[in-house]
Every structure is written in C-alpha cells, then in structure tokens.
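Visitor: One structure, as structure tokens, below. Some questions next.
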Amino acid sequence: MPTQNDFVLSVEDLAVSFDGFKAVDDLTFYVDKNEILVIIGPNGAGKTTVLDLICGRTKAIAGSIKFHGEELTAKTEHEIVRAGVGRKFQNPSIYETLTVFENLEISYPRGRSVFGALFFRTDAAVRERIAEVAEMIFLEDCLSMRAEYLSHGQKQWLEIGMLLIQDPDLLMLDEPVAGMSVGERVKTAELLNRIIRDRSVLVIEHDMKFVEDIAHKVIVLHQGKIISQGAMAKVKADPKVVEVYLGH
Amino acid sequence: MSAGDFSSDRPSALRRKLLFGMAAVPGLALLPRAVAAAAPAASVNSTGLAVTDSTVTVGILHSITGTMAISETGSVEAEKLAIAQINEQGGVLGRKIQVIQEDGASDWPTFAEKSKKLLVNDKVAAVFGCWTSASRKAVLPVFEQYNGMLYYPTFYEGLEQSKNVIYTGQEATQQILAGLDWVMKEKGAKTFYLLGSDYIWPRTSNKIARKHIEMHGLTVAGEEYFPLGNTEFNSVINKIKLKKPDVIYMSVVGGSNVAFYKQLKAAGIDLNKQTLMTISVTEDEILGIGGENIAGAYACMKYFQSLDNPNNKAFVPAFKKMWGEKAVIGDVTQAAYLGPWLWKLTVEKAGSFDIDKVAAASPGIEFKGAPEGYVRIHENHHLWSKSRVGRARADGQYDLVYETPDLMEPNPFPKGYQ
Amino acid sequence: MLMGYSFADLGSIFAMQAFAGLSLFSVFLLMALGLAIIFGQMGVINMAHGEFMILGAYVTYLCSGFFSAFLPGLYAIYFLVAMVLAFVVAGALGMAVEWLMIRHLYRRPLDTLLATWGLSLVLQQAYRSIFGAREVGVELPEWMMGSTHLSETIDIPINGLFVMALTVLITACVFAMMFRSSWGKKVRAVVQNRTMAGAVGIDTERVDRYTFGIGCGIAGVAGSAFTMIGSTGPTSGQLYIVDTFLVVVFGGAQSLLGTIASAFSISQAQSTMEFFLSGSMAKVLVLLGVVGILMLRPQGLFVIKVRR
Amino acid sequence: MSKTLFASRGNLVGLLLLAVLLLVVFPLVFDIFRLNLVGKYLTYAFVALGLVLCWGNAGILSLGQGVFFGLGGYCMAMFLKLEASSPENTKIQSTPGIPDFMDWNQVTALPWFWEPFHSLSFSLVAVVVVPALFAFVIGLAMFKRRVGGVYFAIITQAIAAILTILIVGQQGYTGGINGITDLRTLKGWDIRTDHAKLILYFINGGLLLGALLLAQFVQQTKLGRLLVAMRDKEDRVRFSGYDVSSFRIFVFCFAAGLAAIGGAMFTLQVGFMSSSFIGIVPSIEMVIYCAVGGRSSLIGAVYGTLLINFGRSLLSESFPQLWQFAMGGLFIAIVMVFPDGLAGLYQTYAAPLIARRFRSGRGGGRIAAASTGSRVH
C-alpha cells in the first residue's frame, strides 16, 4: 500500500503487543487536513494504546506512523510534540498548584531547551497569546485562579488550551468530554469545530451524542483491529459494530 | 614454656592494689608531689593550659558512636582507669586530673573538630585518644598548630614522628619483624600468604613483611586486600587451600575478622595444622570471633592479657574491678593505659605542664609499672618495647610462646623497608 | 593462573569455588528475600533492613547464652529455637514499626527511606546501649561447625550447607505464601491497587502490617543464620544494605524470581572475580557491572511489561 | 506584584536577614574557633541548596551528594597538597616533591592526573567541572533511560559505595582512607592561621549567599517551575514538548556543582579532605539537612544545616549517646510530623504573625522568606 504523503497523519500496518497479547494489530488509517477523526470502541479495544503509539509513549513492534510524511516511530516524545502533535490525557493532566495563567505560560512553546527555559521572560507576545487561548477555552475570567479549583470540565478545557497554545497540526484528545455537563459538552463541540480550521483532530470518545456532533469520520476499534470506518451514519448501521459495541 | 619465665620476681608487686604501679617508682612519685603542693599554677603552667592549683584538665578523644566504637571502647576504659588510679595517688604535681571526653563518632573530620575544641577551647594539658591512622592524620596538624600533646595508643604503620605525639603502641617494624623471624625459625616457614583490609596500615605492614620475607630468600605466595567491612572470604580461602602457604599472615581488621575466622574454620582449615599469624586480632576482637574459631592461631603484638608479670597481675584485676568481670584487655587497651601514666611521669620530671617542656622531657621516661613489663620513651617519641608471640586458646586468651629477649627499638622510618 | 596446578587440584578448586559461589548466592538471597517482599511487593524502602537482621543475630546471641546457662542439655538444638525466636522478635518489631510509622507513608516512598534510616540510627544506638559497643561472639553448637571432608582438598562447610538449606526452605515458603495462598493473592492485590483492594473487602491495613512483619521476620532469620559466618555488632547491619538493595533492584523489584536470578548472577560474578582478582577490585567491578546493567536496563533483569 | 530578576521581595528580605546573620552576627558572637566551625557547617549548606533544587523541586533524591562534595574537596586538596609537598618540605622522602602518602606507597613519580593540579586556575575550574561532569555522565545514563525515584536513590548510593572502595583502595594516588591531610598554604598564604580562617569564613559566607541567590534565580525561572511541574506531572511536561531528561540532568549537575564548591571550601577551612565524605552516611545526612529546612525552601536549607550541626556539636559534647537517638528521632519526626520542615513551621506560625504586624504597621508588605516552592508574583 503506497504511503499517502498529503495526509496529515498516516498510520500503516501498526502493531504492538504486551507479553504476547496483541493490543493493536495491523492497524492502518489516515487523518486528513482539517478533519476530526473519532475512534470509538469498547473498553480494552486499544484506543488509548493507539494514541500512546502515535505520541511515542509506547513503541510499536511493527508498522509506520508518518506525520506530514515524516516517520514518528523513531522519535522521542518531545520531538514528536515539537513536530506538531499535541496530546491530551484521559484524566485531565494539568499543574494543579499553578494558576491558569501559569499553566498556559509553562506550555508556551518558547524556551523549550534547558537554557531557553532559564532565560525565558514572559513578554507582551506571550501574554497576548495566553489571553487569546484563554478566551478560546472559555477561561478568560479564571486566569489568576489556581488550577485545582477549576471544575472538571474546565480542567479538560485548560488542558486543551495548553495544547492549543503550542499550535499543533494534529491534536489528539482522549475522552475530552468525560465528566462534563451538557452545556459544557456543547461548548466543547463548538470549540473543536472552531479550532479545526487550522489543524486536524483525533478524538477518542464514548459519548455517542458528542461523536455525532463532531465526527467527520469514525473508526471502530475492536480487539486492536478496525472493524468498521467511515461516516458516523454508515458506521452506526454496520452490524458488526452493533454487535460488539453499540448494541450493548 | 610458661610465660612466667620471663617475668621478674619481685614479691612486693604481687599485692592486688589499685596503686600497684607506683611501687616501682616511689621516688618519682613522692618528690614532685611535695614540690607541687607549694608550686602555684603559674609556675607549672606558663602557657595558659587548664591547670588550677588543685586540678588539671585532660581530654579523651575516641569514637564512642559509629563503626569504630567497637574497637575504641577498650581504650577509653583503660585511660579512665589510669586516670582514676593516678588521682587516687594524689594526681599529677599534686593536682587531680579532670577529664573532658569527646566523641570522634568514627568520622575523621569530627576528630579534627573535637581535637581543636579540646586544645583551643578547653585548653587541655594532654589528650589521650585516636585509634585509626586516619583519625590521627586528621588531628595531627591540629596538635602541631595549637601545640598540644597526644598520646596515641594503637599499633600503627609508622612513617610518622611528631613532637606533639607520643606513640604508646608499636610501630610496624617493632610489631612485625620479630614475629616473622620467630615463625621462620620455629616453624621453618618458607611461603607466606598476606591478607589485609584495604587501607594504609595493612598495606604498609605487608610491605614491610614482604621485604623482610624476601630478604630472607623466602616466598610471598599471595597478597590480597579486602574492602573494610568485607564479610565474604570463601574465595580467598580456596586460593589458600590451593597454594598451601606455610603461613597465613593476617592484617584484616574489624568485623571482617569475625567472618574470616568463622569461614576458615568452616572450610576445614585447622589452625593447629595450618600456621596463621595475625597482627590485628587482640583479645577484644576474639570476643566477637569466638575463641573456638581462632584457637591455635598466633598473634604478634607486645601485650597479652595473660602475661605473667606482677604489674599485669595487678592491672588485670583492677581493670575488671572497674569495668566488670567479663572485660577483656587487648594490646591497644594496654597501650592506652600507658598514656596517662607516661604523661604523669613526664610532667613530674619536667616539673611543668607546658607542652614544650613535656615534649622535651619525654625521651628517656621509663614506666616500670607497665602491664607489658617495662617501657621507655625513645627520642622519636615511640616506645621501646618487647615484641611477643602468643597462641590463641579456645577461651579467648593467648598463651605467650615467645618474647624478644631485649626491648625493640622503635624505628618509624625503617631503612630498607620503604 | 592455571600453571603449576595439577588437574586434581583444579578439579577440586573448581568444586570448592562452585560451592563458595553457591553459598554466597544463598547468603545474598537470604539477605534479599525479606527486602524483596518489603520493597518489591510493598514499595517501602526499608533502610533499617540491616538492623532487623542484626536484631535476629542478637536474639541468637541471647539464646545461646540462655541455653548454655539453663538448658545445657539442649544446647545442640538451640540454634533452631533461636531462629524461630529471631523471626518472631524481628517480625513483631516490624509490625510495630509498620503500625507506628510506615502505614502513614505509603504514598511517599522516598520518605520511607528517610524515616527508616532514622530508625536504623535509633536501633544501632539501642543495640550499643544494651549490648555494648563491642561485637558479641555467638557460639555455635559443635555439630554446626566444621566440614565434611570429601577428598584431600574438598571440604564442604556444614554451616554453608545449613545456610543453603535454610535459604531453600524460606524461599519455598515465601513462594508458597505469595503464589499459592489466598494471603499472597491479597498481598498482590493490595500492591497493585490499594483502593480497589480495600473496596473489595480486603483489610489492607492488616495485609500491610503482616507483610511488613513477615519481611522483617525473614530479615531476622537471615541475621540469625549470619552469626555463623559474620560478625554481630551494633553497626554490622550497615554492611549489608547496599548489597541487599542492589540484589533486589537488579532483579527487578517486583519479581521474586528476579531476586533469585539476580542474587545468583551477582554472587557467581563476585566469587569468580574474587578468585582471579584481589577482593577489593572484585567488589568494585561487580558493583560497577550491576550499576552499568541497571543503567541499560533500569527495570532490572525481570520485569513484567505492562500496558500503560 | 513585586518581583525582581533574582527573587521576590519576600525572598530578598529573607536573604538579607540571612546575610546579616552570617556576615555580621556570627562573626561578632562567636570566637574564631566556633566561627570556623560555623564555616564548616556552611559548606554542607551548599549541598543542601543543591538538594533543594534537585530533590525538593525536581523530585530527584540523590543519596550520593557526598560524592560531589568530596570530589570538589579533593580537587582543591590536590592543589594544596602539591603546594605543601615542595621538594624542600619533603626532602626526607625517598622521592622528594611528591605528596607524602605517595611516597609511603612506593609511588615514585607524580601520576599524570595530578600534574595539572599544580595550577591554581586549573584546580579552581576543576573543583566545579569535574564533579559536574561526573554528575552529567551519571545523569545522562540514568535520566535518558528514565531511571527515577527510588531506583535513582539506590543507584547513587551504589555509586557512592563504589567510589569509596576505589578511593580507599587506590591509596597511592588518593591518600586512601586518611584522605589528603596536612594542607598548609594557598599560594604562599598560610590557611591555618586565625586570620586566614576569618577571611575564609567570609569568602565562604559570600559564596554561599551567591549560591543561594543563583539557586533562587533558577527556582524563579521557567526552568524552576518546569522542574516542579515534571516532578508532579512528568508526562504532561514531556507531552508539552520538553525533553524531561535534559532538565533533570541540568539540575543534577547544578546541584553537584554547588556541592563541589562546598567541598572545596571545606578543604580550605578544615585543612584536609577526608574520604569519609564519599560514603553513604554523610550523603544521607545531607539530605536530612535539606529536609529539616523544608525540602523546597532554599533559605530553610541553610537554617536546617546550621540547626542540625549546632545540635550535634552541643549534644555530642555532653551526651554523645543521646545524639544518635536524637538524630534518628529527627529523621523520623521530620518525615512523620513536619514534612515541610522549618519553612513549613515558619509559614504556619511565624509568617501570619509577621504579616499581621506589617499590615498594621504600614500595610501590604508581604513576607515569604521561606517560600515553599509556590511562586510569589
């Protein structure tokens, strides 16, 4: 199968196993520009493992992951991030003791080297960018609040904001609306639709309503393999999918 | 052969009194006391030491915590005994000795700190202390800079001589050569296996031993060192079994000894058949090793608790009376006991506590009440002393099997052995 | 090295060295087993492990004195009694320590390190105050000393055999306990997920306390056994701590099998090198090797690959 | 909010107070003997400062800081020893002109790695660079492989053990267990006199305050915050595009460099360097200095160091046995009862009091002398 260089992300023949258990097997999919791709599937299907593989947290035993035509499998995590891949974790991972402002400031993509960080100054450009992102993630009024006091949904947004400030080409979100109220969910969908103009988004989600709202394309994963993919409507109708997942 | 053959038979000294030592030197003891009663502090102390009309302060500096406390405890006990006895006799120049004790905590910088405290703050007239070479090396510059007097009890590697130190233990050649000669002659030993802990004293001692062995045209079959605290000796014991040396020559120190002798015995090496000579195991160490594990080994040092002479027959009970029936006395403990006595004798000869005068008066001072028999301070501040070989018994004591007929001259910088 | 020795010599030396290696292996394993449970299974860094061992040794010392004074007829078997007592005493102290100290620190592993270091200082001084600063000699019944004479040059030390047998026994017990009993299942459940284990009805506090106690008790037995080959003094315990931790870490902390493998490889390397090099250099090289391999393989020899 | 390049205003006040205490109060109160002792304690404070950054902030517990302290001290001692071993001073040796312990060990020529230490400037550079380089190698090997936490602590401990055996075993080149002793002059200036000790005390105090300022600067930068961040949320930092290992290597080297300066000052003030520092026991003790201060408080670390060492000196003069119980008890208490150490006590009890006073006095003054890692804007 020829590699498609015009895709943002091409994952081909990817496989990984843990002590003989194949968590991901022979996986191939592509993410297009300005596309929101959602991966769904039952627990243990290997969804999070796929994200781990792409962002370098887990090393594949076979296959390739190309980002803008560049091989990612040999790169370290921070190199992958610097190449333009952002990743949000399942449980919001933010710096609880710092303020919202500081959380964003520390994620600002300047001064990433040791000495860069040593001599990093928070200048006007940084402040401006932080304000901009804060507005995008609905937290412009909470900038000086310590992050631990945010609601669960706000923490999810903050983490997305910490990725956005780095302006990644591919954003990977692991269950972004888990624990959110209906209102927050709607706002999050809105947020994703807004940011998609400049980038692609890969989402893992269980919330079918939310998936229907945002997904351009859906992949259904089961036991490490793709059993169905395409538009949400098509996938929903697939009997295999109904059997393993939606039917429950 | 009984050890008694070597002792002088002076009947009066058999009395079991604390004041045994002075029997031998009545003149020295009485005369200065009469003088001192009249002498004000200023006349016997022109340099501001801690001396009043009725007291004089000295320091004891040993480790009573940390790993070295195991070894140094005996020295502290001996020094306190000597000081108590001296006080009972009326003190030094009519002044009672007061003691400030400091803990070196088995840490050499702490020794330096504490010695400085004793000299600078407490202005002690003398310090009895240190055990390891490292602690002595750490305090030596302090004693030289602030002009103090150290009485150092341990047998050591030599290569040192200072105006400010009296070495009451043996330096390496005193301890080693006679024993080697004895084992060559008596046992017809031709091959030697040298084992030691990995630090300066065993290495220097073995260097001297090796030169001496090779000078006699004999062979060193092996020479090995183990980290301090090592407890695994099975491999080297196998090597010994393979090389079958006539003599195993040991300078392993501390807890390693316990491991070595237990493993040696377990490996089926019978010390009644295999000659082993140690220069590091005193009666103190045997407590930990267990007499049954080392019985038959030879030790080469200047003092054994079992020495049969009148001085020792008074000393051992006095020590046990003060520190308990189970107390044992090793070579270093005895040497530590000499310190306060030598200092007292020297001060009374000099008629002053001044360090310079004490240092100058030291050469030639003889202590006839020494448990080891008789000692005299050499010009180089070490002691003339006999060298002895003892054989370990199962009850943890040594039987004296040989002693040099004459006192051995201390030679800290031995020509031909460096 | 090989020149000058006859084949018979070499053969017997080979046998003796193999035995030396094996007995070092059992020593290492015995030291490490208690720690492997405490550190590997519970994640507690017990820097006072050596002091628990010495506690066992002192118990043995007291027993030896007691039997020779009051029960001289039974002296031959006092050692067995002493080992049981060592287990009980060290285990009881371990449980007390767990209850007073460790249980408050499960979320802060590095802090357990500091606190148990403090404990080790306190215990050392306590030993010194009670038993004196000098080493104590522990006498052994006659049948345990000496060796069986197999040939002219091959002697097998009886106490070495004894330590080996003891190691096999204790290892078997530990394995049975961890992998064959419901107790072991509980321990492993608590280790993997404390909250969950509590939620399904396991009394996690009890499990922790007993596990810690058993680990310390094994240390006590090890200390008791080591009176046969090493010294017993207030600070003797410190000698073991680096070796012990390296054995456990090198094996892969969570794997008991790994502990065995690592004790085996380290002891073989050490006893072989000791034969060809001086003791000091052998030790340095072995430690360097272990640290080097740990740098290449930080999880240790044996590790269960988990999905994150 | 007030914030300067190096420290918040609160920290500056704390720093100033400490400076007054070290450079004015102590020299006035203590005689030269005690002052020299304080000077010695303060050299340990360098190590504690490094540990605050390394352990308190970045969460890397090294049980081998004594190694770096020792290496720094040895570099200094090698220079001083060579100066003390001029051919005239050592003419009784079989090989004059080499250090005495080499002569005792039949070393007949100066080993190659001693040669450069004839130069003072080389030695001064080496004091910092050699330990930092060693830390770099260790850090590179460990942090790149993500060895952390407990494992790092145990491996550093093993490294300390290895180095001790090596240094003690190679006594012909290192002075063995005795260390390098009997150091006398620095470029002809006798460092043993009271006057020299006084000067060295002030140099030491000045350097310590400088180191404190530098460490505070690091703590205040983005790098400082990243260290804390990667202690708590390592993955988040990594997936924000930072190379976590290189930051850890940096702070480990930085701490090693600080410890090394302390070691060099120790050598100068005490007059010898002992192999006993390159061991496990002193390394762990230095961790407790830092813990008593409050782990992530730099100024607290200095006070913690002083407090413990004063305590040791006083207690061990009168009750040596008690000291070991006290030290052990302190370890336990610090962990169990006062995990935030002196800084925590200050924050809980003293700071509110002072703040109230200040507010009623002139209002708004904010004191955070012992900030526990949270930043003051």
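Glycine is treated like the rest: Cβ placed from N, Cα and C.
Remember, TrEMBL labels are computer predictions, not curated facts.
Under the heading transmembrane segment, TrEMBL lists D:12-30, D:42-64, D:120-143, D:150-169, D:198-218, D:239-266, D:286-310, D:322-339.
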Visitor: Hey, would you say the transmembrane segment (D:286-310) packs against the transmembrane segment (D:120-143), going by three or more CB pairs under 8 A that are 6+ residues apart?
Guide: no
Visitor: By a Cβ-Cβ criterion of under 8 Å, what residues six or more beyond either terminus of the transmembrane segment (D:150-169) are in contact with it?
Guide: 60-64, 66-67, 70, 138, 142, 176-177, 275, 278-280, 283
Visitor: Among D:42-64, D:120-143, D:239-266, D:322-339, which stretch has the most Cβ pairs under 8 Å to the transmembrane segment (D:198-218)?
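Guide: Highest pair count goes to D:42-64.
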Visitor: Between the transmembrane segment (D:42-64) and the stretches D:120-143, D:239-266, D:322-339, work out which stretch tops the count of Cβ pairs under 8 Å.
Guide: D:239-266
Visitor: Counting only residues 6 or more past its boundaries, what in the same chain has a CB within less than 8 Å of a CB in the transmembrane segment (D:322-339)?
Guide: 285, 288, 291-292, 295, 308, 311-312, 315-316, 345
